[in-house]
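Record features (Swiss-Prot):
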BINDING   15, 34, 45, 46, 48, 99, 123, 280, 292, 293  FAD binding site
């Protein structure tokens, strides 16, 4: 580990890997540090991503694809199902990834591009020069290093502290912080080409339950609930245990994962002098699903490119780096996040009776594409009463 680099990337997930690769491909000296001993472990993700989204960055490889999906099934509180199948999606529903292998592949590509990779290396504090973030104190194997960088890219997830260190408000309201639990469950009867989404205030208050196939008779079975709904006997794991006992009583649990994800609005600003914030660290996970792989990869790649352009011009000020914030915020990603936040706020607090009514009304729907916008418009057409209850939501579509 050297004393100085052009770019320091904190975090070895998909966002950090794409940032490091993009910067290294421009000939910059790049250091990526990951606090955990191994890239991709432990997994803290349901591991789903759309096929078109993935194809923007990497060709699919069977070694890190756990399931190739052709349908998504939405299940209401009373068990009523609405299936969005292959005929409506052009075969583009998505994949369930093996994140341990996938993340390592992305970091390996960054290394091949010229980035230096250091694991079990924790960025514990910023190096501040003239009030600007100018590097980080790194702890690794009992040693402490002070690493300076011209640009720091914070890709260290929902727990990230770099934005706070730079004076950016990173507070997430408890109601918008989903507490999550997930089991890998084996020996269960599932459709191995379908992702299942269970919506019920009773079973998952202000959240949902997912069943994502991971191979033969195996699936990620998880839940996210609002932090304000968690309490003794009502924690995410408690709800999940009750669901599994009901739906998969003979399943064999082989792994437990717990964590949290923000479903709030993005940070007001995702850059500062010498600093770019990407992915979950910037609160860019999807407000409806909590998914963040694509958003992290997109903003990570963009951050690496913007950092390289700024360094070539010799200006890494906040003003110079604002092109990053403006690009994602004013583009398709920013618009989708704003719309999905409005959808989340409108639907998440509905009681089970209204959820059942909506799912029942969807039985005759036909969708030309799988998007949040097309689905919500179809729901409004089938449920005109929603226009009276949710007039503001219509304005976002």
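Note that Cβ sites are derived from N, Cα and C of the backbone, with glycine treated the same way.
In the three-state DSSP reading, residue 15 (FAD binding site) counts as helix. Taking the Cβ of residue 48 (FAD binding site) as centre and 10 Å as the limit, one finds 22 other Cβ atoms among all the protein chains shown.
Looking only at the binding-site residues 15, 292, the densest Cβ neighbourhood within 10 Å occurs at 15.
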